[in-house]
Every structure is written in structure tokens, then in C-alpha cells.
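Colleague: Submitted below is the structure of interest, expressed as C-alpha cells.
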Amino acid sequence: MSWGTDLWDQFENLDKHTQWGIDFLERYAKFVKERLEIEQTYAKQLRSLVKKYCPKRSKEDEPRFTSCLSFYSILNELNDYAGQREVVAEEMGHKVYGELMRYSQDLKGERKHHLQEGRKAQQSLDQCWKHMDNSKKKFERECKEAEKSQLIYERLDSDINATKSEVEKAKSQLYLRQHMAEESKNEYAAQLQNFNSEQWKHFNVAIPQIFKNLQDMDGRRTVKLGEMYQSFAEVEQRVIPIISKCLEGMVTAAKNVDERRDSGIVVESFKSGFEPPGDFPFEDFSQNIQRTGSDGTIGTPKTEGGKPDPKHAVSRTKNKLWLFGKKPKLPPSIPPPPPSLPRFLSGHFQPPKFSTERIANHLSKIRNAKSKIPSFRAVKRGVRVEDLSHLPPEQRRKKLQQRIDELNKELQKEMDQRDALNKMKDVYEKNPQMGDPGSLQPKISETICNMEKLRSEIHKNEVTSQRISLLLQSYKEAQPPGIPEGSYTDDHSQEHRSPPQPDPHEFDYEFDDDDPLPAIGHCKALYSFDGSNEGTLVMKENEVLYIIEEDKGDGWTRVRKQGGEEGYVPTSYVEISLEKNSKGAVTYI
């Protein structure tokens, strides 16, 4: 089908159709523009959303829970997804919208040119038709005048009253009109022949060619629209693999959520190293009342001459419990362990049967909780405590280790910088024209000074960390008489002070007598234990031992061998048989 032959008379309709085609193309271009604006707005909103929910804290304060880490991974994937939406918008802008607008301008120019040619051809044909029509009308007028002259001549010729001159005049007028009619006829014939020729050329050559050009233009427009439809889809299709990876990353992040690991992180983050306080021991204040003893009565510790009364011991303990109450101004030695660690003995004395440790433990918990409130408030306000004294021992040790690692990294950087400066200095010394070696000395000195500061800070933190590790690993419940007890203090200015002379009666309340503790049962070793730590006892498999103190909840039981050697063994390593009515057994309420 050809527009030139089938639509030879539809010039106006083709004009409207080609204009509609260009309008439709521009309408699609407008659609693409609005679509890419939606993509840009969507990507911008996604990035704003990710920025809103991204953590604004430092890496140290960021939570390490798998749920939080997975959420941050999802935010990163969503940010990448937003980037792909921006890529889609950019590709649509350049490869679809921009191309459509350029092609639309080209179509408008080409259509205008073809229509102008068609209008010129039509005007030329109209001009020919006008000339032909004028000659036709003239021929018609001349013929009518000739017929009129002939009628006049015939009337005068038949009239006997008409003179000869009148007849001759009418005859000459007839000849003139006939001649003019003949000329008009010839002119009309010539104009008609010319018009027919121009009309044939118009409808068989000019117009078909013009309409063919319009048809080709419209066909190219249609093909271009199809290509743009495909490009529009391909832009989206090219980012699908990357978007799929983003979604796969989100799914992977969701699968990485581990509730057990999160629970372990909670324990690791807040574990203080202490254990809950145990039961209060029963203290019998009726021991001075004279009564007849019986095996069924509750056993009470015996008192000897010169030994303080338990009541007085308890009252003195209120002022003496430095471990849980006031701290004496003594240099720090081995810091006290939390109540969860086994109470190892030094071997020179026996602990009191009615130890006030558990009472003191409760008092210490209350005092420590009150004293730590301002520190936690300061942390909440954003104030950083440099020595980390506001943290429990276990958390403080971990934080100190992190700080030591960071300082070691900074120290390594300073060392690398020093080595680089020394190499540069050597190059300058060998080639003075490259630079002055003395100009590098201030920088080298500054680097060495920074290294010394970092080493000092590392040593300071390592000492504190080691002291806390000793607090959590090896602690003696008491010290032999005459040796002052060290207390753990955060005041580092007291580290090198000489200890004052202890009060000779300071530890009198801690010792009862030299009699060994009574056995409250026996146990059989299920496994061998090497007893490598201080205060522990070596035992062999199937060895029978006497129990002199039950497990207080810390996993250790105090036993005695048949040879009299005492110490602690793991409770899970022995099979225990207690004697409920054993003499000297402690009763708890």
C-alpha cells in the first residue's frame, strides 16, 4: 500500500495524521520524563530513609548484635538499591527521553519540508486551472458575442428598410466576433491541454512522491517508538541482576540473625565477673547462755581465753570491712576478686567458722551500686571516663584491651612514619641536592616523642589490665598476720607509696583458733585433678577425701586429705556424701 496512489486526494488528512504521530511521540517522551522523575524521587527518598536509620554513633558504641548488624546490612543493600534506581533514571533520561526529543525535532523539520512541497505543487496546479478557467470563460463570452452579431446581421440583411451601409457594418462586426471567438477557442484549448498535463504530473508524480516521503517519515517514527519502548524496558532489565543481588543480600542478612549469639553478646557486654550473694550464715548469739549441750543442738563455734567474742568481732567487722566498705589508703597490691571465685587460703591460718563475708558482700553491692550511679549518668550525658572505672572488672578489662589494641595500631603507624623519615634522611645525606637532612630532624623527634607517649599509655593500660586479670583469677581470701592487705583502687597516684605500719590487732577478728575444721562428709574423686592453681588440692582418681566446706555456688568444694592437707577441688570432679548430723556443720537459713 502506498499513500501516493491510495491516498492521492487525502492531503489534509495526511497532514493531520503526521501531526498526530509527532504529538504522540512527544506525549510518550513526556511519559518517560515523568517516569524518570518518579525514579529520581524514589531513589532520593530511599537514600533519606537509609540516612535516617543509619547509626550516628562511633564504631565503639555500635551494637554488635546480629539483629542490628543484619539491619545495617539491609540498609546498605537498600542504599545500593537506591543507586540502581538512580541509574535507571539516568539511563532513561539520556537514552530514551533525550533521544525522543531530538528525533521529534527532526520529524517536525522533515514534515514541514514535505508539506511545503505538497502545498507548492497544489498551488501550481491551482494556477494552471485558473488560467484554463479564464480562457474557457473568455471563449464562452466571445462565442456569445459572435452569436449575437450573427443575429443582428441576419435581421438587418432581411430588413428591406436597412441601408447597405448598416448591413455592411453588421457583416464586418460578425466577422470580427467570429475571429475573436476562434482565437479564444484556440487559447482555451491550449490552456486546457496545459492544465491536463500539469494535473497528470501533480497526481501521478509530485503528490505520490511527497506522500511517499510522508509515509516513510511516519514509518520511521513508528519504528523509533518501538525501539524506544525496547530501550525503556532494557534500561530496567540491565539493573535487575544488581537489584537481585541487593535483595539476595537482604535475605542473607536476615538469615544471619542468630538469637543465641545475641544472647551471648548480652552476657559478654554486661558480665561483671561477680556472682550473686550466697546465703547468710547463722550466727548464734546465745553461746554465752549456760545450758546443757546436746548433740541435737545447733553447733556453735567455741571460744577460748583471749579470743574476742563473736559479737565484738561482728561489731568490729563493720569498721574493718575495707574490701566492701571503706578502702584503706594503702598501695594497690593484688585486687580483691569477686565473690564468685573460690576463697583460697594461704596455709598459715584458718578462716573463721562464721565468716562475715556474705554480709559484707551484700553491703558492698549496695554501696557500689550507689557509688556507680553518678558515673553511669555521666556516661549517659556523653562524658567519657578515661580510666573506665565506672565499668565492672570484666567489662573494664575488655575495654582496656580494646584501647591497648588501638594504641598499638597508632604506635605501629608512628614507627612506620619514623622509619620512612629516617630513610628519607639517609637519601638526603647521600644526595644533598634533593633536600636538607636537618629539616627532617624536628619531625623525627616529634614522632619519637609520640611513640614514647603511646608506649607509656600502653604500659599504663597493660598494668591496669593485668591487675584486673589477677583480681578475677587469683585471689587469697585473707593475708597472714602482720602483712597489710592491698585494696584495689582507681587512684594510680598511690601505686608507689610505701605501705603504713598495720595495726597489730587489725586482723584479730579474722582468726578463731588453730583447730582444723570438722569434716561434714566425704567424697570420692571421679577424675584426677592436678591442682596447678594456688589454693587448690591435687587429687587422684578414686581417692577418698573429707569435706570440710560445701560448695558455695562457685563450683569449688573445700576438702582435706587423710594426711591433713587442705585445699579446693572442682565440685563436678567428685561424688559427695554429706553427713547431716556432723558435728561442726554449719546451718544456713
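Note: Cβ is positioned from N, Cα and C throughout, glycine not excepted.
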Colleague: Need the matching range: TrEMBL marks coiled coil on one of 152-186, 257-291, 362-396, 397-431, and I'd like to know which.
Modeller: 397-431
Colleague: Which residue counts does DSSP give the domain 'SH3' (518-579) for helix, strand and coil?
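Modeller: Reading the DSSP string over the domain 'SH3' (518-579) gives 3 helix, 29 strand, 30 coil.
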Colleague: Counting each residue once, how many in the domain 'REM-1' (390-467) are helix, strand and coil under DSSP?
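Modeller: Its residues divide into 72 helix, 0 strand, 6 coil.
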